[in-house]
Amino acid sequence: MESQQLSNYPQISHGSACASVTSKEVHTNQDPLDVSASKTEECEKASTKANSQQTTTPASSAVPENPHHASPQPASVPPPQNGPYPQQCMMTQNQANPSGWSFYGHPSMIPYTPYQMSPMYFPPGPQSQFPQYPSSVGTPLSTPSPESGNTFTDSSSADSDMTSTKKYVRPPPMLTSPNDFPNWVKTYIKFLQNSNLGGIIPTVNGKPVRQITDDELTFLYNTFQIFAPSQFLPTWVKDILSVDYTDIMKILSKSIEKMQSDTQEANDIVTLANLQYNGSTPADAFETKVTNIINRLNNNGIHINNKVACQLIMRGLSGEYKFLRYTRHRHLNMTVAELFLDIHAIYEEQQGSRNSKPNYRRNLSDEKNDSRSYTNTTKPKVIARNPQKTNNSKSKTARAHNVSTSNNSPSTDNDSISKSTTEPIQLNNKHDLHLGQELTESTVNHTNHSDDELPGHLLLDSGASRTLIRSAHHIHSASSNPDINVVDAQKRNIPINAIGDLQFHFQDNTKTSIKVLHTPNIAYDLLSLNELAAVDITACFTKNVLERSDGTVLAPIVKYGDFYWVSKKYLLPSNISVPTINNVHTSESTRKYPYPFIHRMLAHANAQTIRYSLKNNTITYFNESDVDWSSAIDYQCPDCLIGKSTKHRHIKGSRLKYQNSYEPFQYLHTDIFGPVHNLPKSAPSYFISFTDETTKFRWVYPLHDRREDSILDVFTTILAFIKNQFQASVLVIQMDRGSEYTNRTLHKFLEKNGITPCYTTTADSRAHGVAERLNRTLLDDCRTQLQCSGLPNHLWFSAIEFSTIVRNSLASPKSKKSARQHAGLAGLDISTLLPFGQPVIVNDHNPNSKIHPRGIPGYALHPSRNSYGYIIYLPSLKKTVDTTNYVILQGKESRLDQFNYDALTFDEDLNRLTASYQSFIASNEIQQSDDLNIESDHDFQSDIELHPEQPRNVLSKAVSPTDSTPPSTHTEDSKRVSKTNIRAPREVDPNISESNILPSKKRSSTPQISNIESTGSGGMHKLNVPLLAPMSQSNTHESSHASKSKDFRHSDSYSENETNHTNVPISSTGGTNNKTVPQISDQETEKRIIHRSPSIDASPPENNSSHNIVPIKTPTTVSEQNTEESIIADLPLPDLPPESPTEFPDPFKELPPINSHQTNSSLGGIGDSNAYTTINSKKRSLEDNETEIKVSRDTWNTKNMRSLEPPRSKKRIHLIAAVKAVKSIKPIRTTLRYDEAITYNKDIKEKEKYIEAYHKEVNQLLKMKTWDTDEYYDRKEIDPKRVINSMFIFNKKRDGTHKARFVARGDIQHPDTYDSGMQSNTVHHYALMTSLSLALDNNYYITQLDISSAYLYADIKEELYIRPPPHLGMNDKLIRLKKSLYGLKQSGANWYETIKSYLIKQCGMEEVRGWSCVFKNSQVTICLFVDDMILFSKDLNANKKIITTLKKQYDTKIINLGESDNEIQYDILGLEIKYQRGKYMKLGMENSLTEKIPKLNVPLNPKGRKLSAPGQPGLYIDQDELEIDEDEYKEKVHEMQKLIGLASYVGYKFRFDLLYYINTLAQHILFPSRQVLDMTYELIQFMWDTRDKQLIWHKNKPTEPDNKLVAISDASYGNQPYYKSQIGNIYLLNGKVIGGKSTKASLTCTSTTEAEIHAISESVPLLNNLSYLIQELNKKPIIKGLLTDSRSTISIIKSTNEEKFRNRFFGTKAMRLRDEVSGNNLYVYYIETKKNIADVMTKPLPIKTFKLLTNKWIH
């Protein structure tokens, strides 16, 4: 029975009894055991509340039941062993308790565990005497002590006493940690005192007041054992018990001795940290006090070295001694003795000056009394009204400063000044006043509030309407607490304490008075010039005097800094009693923290939660009384109103009522939030949260996706954390029915670990309220933190993590405890916390340069999980760091945008709050700011790619990152950065350098090529054979010299001259010097490879020009060279490094024949246009061939593949059926049917929105008179061919709106019901890109319009019928159409004719010939795409005029007027455009791709290394035949079409760099092998990784007289199946890429020259059409140019020889090019292969080359 009772006795939870007494609560001269009555009373009240919530079972246990342990242990479980105690038992009433007695105050069984085998164990009988409770009810401290009246009664008297008094004694809390033993002992001693055992407690000398009895010793021993388990005892206690396990008295005596010692040490440390000295006391006394403290600490083992001691002393100096703070910059090794010598010297000088001062104003005793009564305090900064310029004044805005704490400032007197004074009195330093040369101040005691204030003077302020003064000594006839409302220049209220008169006695013996207001909350004493003018006194800044209107000089004006001042010596002191003015000053010790500051510090939690937390000590360091709660009720935080805005309050009590009780960490709630869009790839898009049911402890983890393996990793992590940290096992996890939780992988994992998944039931959202409310709370906090700090959105999860840390430490109003307390963890030390987004400076100890700034501006995010550091965001490095080496930036607002956070700043409050933590770190951790050997603990844990939304440059104003000077030199405010805030460093990331901290000019991204490489048409291969062309004699010396270099390079451009192998000097377009490069002809190579005569004569013309430019046409107005420079100047060509000319040996030998098996190609392109591919080494350096394609996907095969050629036969494949299947494959359905959207839609909110959209569409149809509503027709009477099926489709647009559309089934429309000759025209993409480019260059306004229900404006000519909409309920009837319904074959053409006619007739537009849907007049250009219109105009009013005309006929909606001069964002035909007029335009599709790609079900690899190129050279598609069944074949073909369809859409819109890969894979849609699918997945993965890339355009130079249209062409010879060549073209208008094309040549070419001719001929027609369009839209002259890297092609175009064309196909193409060049002013120029950006259109390239050719125009 005893063991069963013992097992049922639960442990007493930590903190359930009275709170522990900390060293903070013990004063210097107070006994450590003498806890104040108020504190004890609060402790008793808290304990009473805690015990009142606990249930007690009288029959089983007197100890309150712990709610954390709801499930009792079975009786069969053996009793737990408690450390060294051999056995446990239960002391019943028959053994040790007198009848009716227990230390809980009512009959019960006491947990009693004596040593039964020890001689000290005496089982007491029923008559044993135990101490009784007092008969009177009162506070525990009022209980009579045992020594004064300790009485013992029998059990009967005890019963009567307990019946009458009902006095309860509360037990001490359970000891849960060795570190908590000192605090626990205090509560245990109070427990003994309340139990009338105070007399047995040892005193300071170690002896009790009276002798302890055996029964008392037994009681003492058993209670100590119960509440102090042995596993939680400190080592020194265990040592005592190991000698004598009953010597509890010795433990108590030693504990009291330690408390005495610790109290003295704590008091010394606090005193040393808060030293203040301003000369008001003798310097000898101050030195003695400090020396004694330091000696005591050193004797007690706390070593305070000179460095730290001097730092602490100087920190407390003020007044005349303040400048000694900066002595350490000159004397780093200053000792305490040397510092006190300086203090003594200043004190003696100060005393001497005081003795010599006249005392006609006030006597010394008055000054002392005033000093004591008006001790100055630190106040929040308040900016006074700005002095404005009057006459010749040069006044500037007064800056805000903290009010310092000096009581005695230097005083000066102004000497007499003659009336003829005209020279200004210019003071360079405030200390000039007390040099005794010109001016001295009056003896009026004045407080120096600001560093840049002139002591003893009033600031002249022309902008202030009232005079304000901080000192009450000059106020006459004062009245307290006036009802006056005063605001500063920023419209912030200034509290006014009193109003009175300010009396002047000027040097001409005249007296004047003005009204003055008293307030201590200003930075300067302000003298209003307006009030002086009211009494006929003006300030003359020419003479620098105050004078009357008659010219009488009254007083001089002193200029100090940027302001003008007048001395206070002219003020008459008052005899006012200082205490009559209320709240003039508040002492430093009683000043409270403002509530807005605490509100912001604690993550914007509400006031009630903060007060509960402070009351229950879940937030340490300060108490509830330290906060000013006066403004908490009415305070409205603007950031909370914005960030936490909700529709309505959450319904309370929405938890499941039937949920069982579990022990801590056995029942978890979890939920996932996300995705968050428009973030960089490195930022998480989701987070998953967990909440413990019992403790309400919360965890959050970031996620980049919601895949099964990602969720499984998080579950594995948190289960291991709970098991290891809390020794608990999770039994149940409650979650919703999302696929991330219901998948098979997670279900098996939970089943394997014995965890029960608890899913929410259908339509039961209340069951998941815990997790959902947590996510809502965290998101509210996140929005508020980002709004408050102004940090970029990609740091959103850091705000979530900061909020989680704080929320776990805040007390719940219901349980009165925090989650950390429930979990048994210590409270949050707020002194280690910084506000989210707090500006800081992080130290860089290892810069590249010694003159480089060592401070990196950053923003504090949250405490680190993995160290004692802080996570800080560094915008300049685009990183977050984990470091303790930072300094809080003072005097700067934390917001990064243009809004001010608040009227208050909290620099002083933050200093006070963190002073203790920052000042008493180990001495080896306190570093000087100018120490050149500081280490750092930078741990750059993550690289953050910044969102285009950059942080605002508030920090750049304080510490410019581009400056080479230290941050402290920029503003005076930065001088006030506390040096003690520098944390101890550990290690620094070696990657921090000047290059990545400071912005610099844009560096070239050109790679340093260290090997001799040939890149014929872009393919880079190392040459291991001699080249063909010998060096000319003119360049032999230069080449020989260059060949001696170890790092030499050569050009990859070779002459196409077959007979003359001389070098051709090349004019570099990249700004490098001319080079001599050998040239090799394509024809010579063809001879050696193919062994037959060339198909085209490539002989050069008669004049072998040494210049590489071969223009065919020379205009009369522009020279060839100028034309070439004009065309190439603005092209986005790569910058190449300068190359040294290289000497080449003998010509090539006979080349081996080409391998016939290599006629096929791949994404790697085996047949580069370089004719030497067959002889080049395939081995490349690791750097060149690096692909960064490291993925975990098993389906991606990286083996060498031999060919892209599709198989000539497929087993078990019906080819004709497959081709038809491909043509009939339907696109991805993104819409819903009527039954899906409305009838069976279980989402009530979404269903309501679709119903609303449905009725809106029906109303629009009726409004437009879409059908004849007068007559309904019977189905049997109408020809079935004229009946068109109809349906409603529903979809959700990207902006979140729900839309319904009534459409006709045009896909099954009979051909007799429409005219097949009619066409539905839309604007061509090249026309749109051309218009956008011209708009940028000409500063056009771009207006985007949308015409609602456009097709319904067009009448229909044919007789067609449709079924009525479902809501009419007439299934057997038909209605006749009158308008062009969406879906009909003829609707698009009807609408085009309708809108075209209206634009021409009513709007005065005309359609550009050859370019459908492009309309123009003299002012406006319109691009039409169905119902979307894009208007371009130089004058916005012209656009508005067109809009007005359109609105007369059509329902026209303005999507974007485009009137702003800032960046404007458009969504035009799928392109996401960012346009700033006159500057730039960026085109991308990031949002669209983020939405569409995940829907393709492609196995994306977000955690793997991101791809740097869409493919890699050297990979070939196998020739193996497909052996799959027909169903699988169709499924894969369908998948290929979806993937390639999306890729083609993106590629032809703006991602022209992907067109080669898209075109090559598109040729294999009918060959969906595993390898082809893998390559397609790789392409989609690259698109996903680079979805944020944009096509970048910059405005053309305004001085350019012409429009320049250029086509850059390239071809890759024979690298496609059946020896076909790949050709590619890129089109540029004024240097901006507007289009591109990559395709397989239709004819088989027999040489590289033929392939290049074919590529150029394909580009000419589009070039001419674009030229016509540009001339129609813009009247500037146009220059057309063609660039190619084939010299032989240029020679053929220029030549007039027609005899050597081998066949007519390419002969006609060449002749056509000659005609174009000669007749259409087309210029043809040569471009180096390394600069030919069209190379990406014809072959796969190494990563470096791919980036080099594309990073100038798409990034």
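Even glycines carry a Cβ here, placed using N, Cα and C.
Worth saying up front: this structure is predicted, and the values here are computed from it rather than measured.
When Swiss-Prot is compared with the stretches 177-234, 235-292, 583-640, the one noted as region 'Integrase-type zinc finger-like' is 583-640. When Glu1535, Glu1650, Glu1652 are compared with the Mg(2+) 3 site residues Asp1610, Asp1685 in Swiss-Prot, the one appearing in that site is Glu1652. From the candidate list Asp1337, Asp1346, Asp1518, Asp1525, the residue Swiss-Prot records in the Mg(2+) 2 site shared with Asp1427, Asp1428 is Asp1346. Looking at 432-451, 1092-1111, the range tied to region 'Disordered' in Swiss-Prot is 1092-1111. Once Cβ contacts within 10 Å are tallied over all protein chains shown, the binding-site residues Asp671, Asp1346, Asp1428 are led by Asp671. What surrounds the Mg(2+) 2 site, by Cβ distance within 8 Å of the Cβ centroid and not counting Asp1346, Asp1427, Asp1428, is the set Leu1345, Ile1347, Ala1350, Phe1425, Val1426, Met1429, Lys1453, Ile1455 from the same chain.
Every protein chain considered, the tally of other Cβ atoms within 10 Å of the Cβ of Asp1427 (Mg(2+) 2 binding site) stands at 19. Model confidence over the domain 'Integrase catalytic' (660-835) is summarised by a mean pLDDT of 87. Between the CA atoms of Asp1427 (Mg(2+) 2 binding site) and Asp736 (Mg(2+) 1 binding site) there is a gap of 42 Å. The CA atom of Asp1428 (Mg(2+) 2 binding site) is located 41 Å away from the CA atom of Asp671 (Mg(2+) 1 binding site). Note: the CA-CA distance between Asp736 (Mg(2+) 1 binding site) and Asp1346 (Mg(2+) 2 binding site) rounds to 41 Å. Reported as a whole number, the C-alpha separation between Asp671 (Mg(2+) 1 binding site) and Asp1346 (Mg(2+) 2 binding site) equals 40 Å.
Residue counts for the domain 'RNase H Ty1/copia-type' (1610-1752) under DSSP (helix as H, G, I; strand as E, B; rest coil) come to 69 helix, 39 strand, 35 coil. In the three-state DSSP scheme, Asp1346 (Mg(2+) 2 binding site) falls into the strand class.
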